[in-house]
Amino acid sequence: MSRIANKSFRAKIVDAETAASFIHHGDTIGMSGFTGSGYPKAVPGALAARIEAGHAAGDPFKVRVWSGASTGPELDGALAKADGIEFRMPYNSDPIARQKINAGEMDYFDMHLSQVAPMAWEGFLGPLDTAVIEISGITPEGDLIPSSSVGNNKTWLDIADKVILEVNAWQTPMLDGMHDIYYGTALPPNRVPIPLLKSDDRIGQPHFRVDPDKVVAVVETEAPDRNAPFSPPDATAEAIAGHILEFLKWEARRAGLPPSLLPLQSGVGNVPNAVMAGLIAAPFEQMTAFTEVIQDGMLDMIESGTLRMASATAFSLSPDRAAFFNDNAERYRDKLILRPQDISNNPELVRRLGCIAMNGLIEADIYGNVNSTHIMGSKIQNGIGGSGDFARNGYLSIFMTPSTAKGGAISAIVPQVSHVDHISQDVQVIVTEQGLADLRGLPPRKRADLIVENCAHPAYRPMLQDYRARAASASFGRHAPSIPGEALSWHQRFMDTGDMKA
Ligand code: 0RQ
């Protein structure tokens, strides 16, 4: 049965090539997609082919691409490979796009994910020519049933001049009803409180509205999301998860938190997934998540009954779990809510609910500043994503990492971070497989004591102790002692020799 229940939209069905012909050099395109789910799968490839043909004919064809967060190889990968992206925002994990950005061939604007939609509305980012949005169906009334991610789709549909829809029949029809699209946002000075008091509150409607006159093409697809497998937790991930669970149990007793704790936010990746796995056995019950992405670990927590419900903006599942979800979506219908990312990550809501934010990091310094994005200070890995939205505003902000990278050649704890995403005031707890540092209420030198003793790898701990001892007497000031000429020398040494120790 067709997913397009509206006659006038059915009349707009075309192939991907025809749809892509509506996009021109210099256009800005608002793509759907968030952490590899719900991104358009056909039009970007057809656009990449058009761009390649244009380049072959000497035509300088490039577009500006906005999205929710990361997408998939059929979108960022295909367009980057075709040298078709002039500018990209706000989050990317595609390896080809990453290589072009780091080669200085593609502009990239990395920003907090909750701020993208408001900033687009405010007009700072310029006009949006075309929205290309994956949906899972169209109702008889012409409303759009969202797909496996919501991201910025509501905003792109509202502000774009033209709209291209991809209706993906691979997505389970059971998604219908899981979304909560809030249409109450306004710009200052007309903003009002967002009426959400609990993770499971529904404050919007299940479908997107779209002005049918703007819809220039509808493309039918049947293709899976980019679902990446998680590696089973290794000893490092299990140790990190263990420290966090002990800490959460202690914190729950100390602060008299309820058995359901507080709403969880968990970043993407193997380690946060391992923490979720660990929570299944923890003595918490009826927990909720108010987070960005629903990953395998959260589905497992729901299956086990530990997690009552999860609110997010997207799925980020392994292929096995995605297939399982598609086959069993019915039983998750009252347990999952997908919202626009300006709501799922909204600082007002994160602060009100008191989320427990748990995110990965690239490196942290002895004072607790965190670098989540740039390797050696200059090479972007992914982007800040939603980590800042949650870290600054949560009840607790936990950052986790293995204590070393690149087989031990890099320490994740350094004298000074080579790039700052999260200032020390936004970083309350740092965890490695070595241990956990609860930094709340501590001045810089005491923070450094804990981070070096509890989190640094033994191979680097004496080097950090030596740096601190010398900084204690050589520093210009004694509040947060440092030796500026030496603070980044570890990074320079790695770039020169391939090892921070050598
Ligand atoms: O590179 O694959 O080339 O070896 O960085 O590191 O260990 O695989 O860790 O996948 O958990 O990612 C911070 C990037 C961690 C992620 C970050 C190298 C390492 C490897 C990846 P290789 P791992 P993870 C919600 C929250 C920002 C967004 C965010 C991230 C690669 O967590 O993107 O939090 N966070 N969003 O070798 C040099 C170091 C390194 C290092 C790791 N100290 N120096 N290289 N690497 N540490 C989700 C969203 O917002 C969508």
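Note that Cβ sites are derived from N, Cα and C of the backbone, with glycine treated the same way.
Automatic, uncurated: that is what TrEMBL annotation is.
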| query | Per TrEMBL, what member of Ile362, Ile423, Ile430 joins Gly267, Val268, Gly269, Asn270, Val271, Asn382, Gly386, Lys406 in binding CoA at one site? | reply | Ile362
| request: Pop the Cα-Cα gap between Glu292 (active site, 5-glutamyl coenzyme A thioester intermediate) and Asn382 (CoA binding site) into the table, whole Å please. | output: 16
| request: Between the Cα atoms of Gly269 (CoA binding site) and Glu292 (active site, 5-glutamyl coenzyme A thioester intermediate), find the distance and write it as a whole number of Å. | output: 13
| query | When the Cα of Glu292 (active site, 5-glutamyl coenzyme A thioester intermediate) is compared with the Cα of each of the binding-site residues Gly267, Val271, Lys406, which one is closest? | reply | Gly267
| query | On the Cα atoms of Gly267, Val268, Gly269, Asn270, Val271, Ile362, Asn382, Gly386, Lys406, which are listed as binding CoA, what is the maximum pairwise distance in Å? | reply | 25
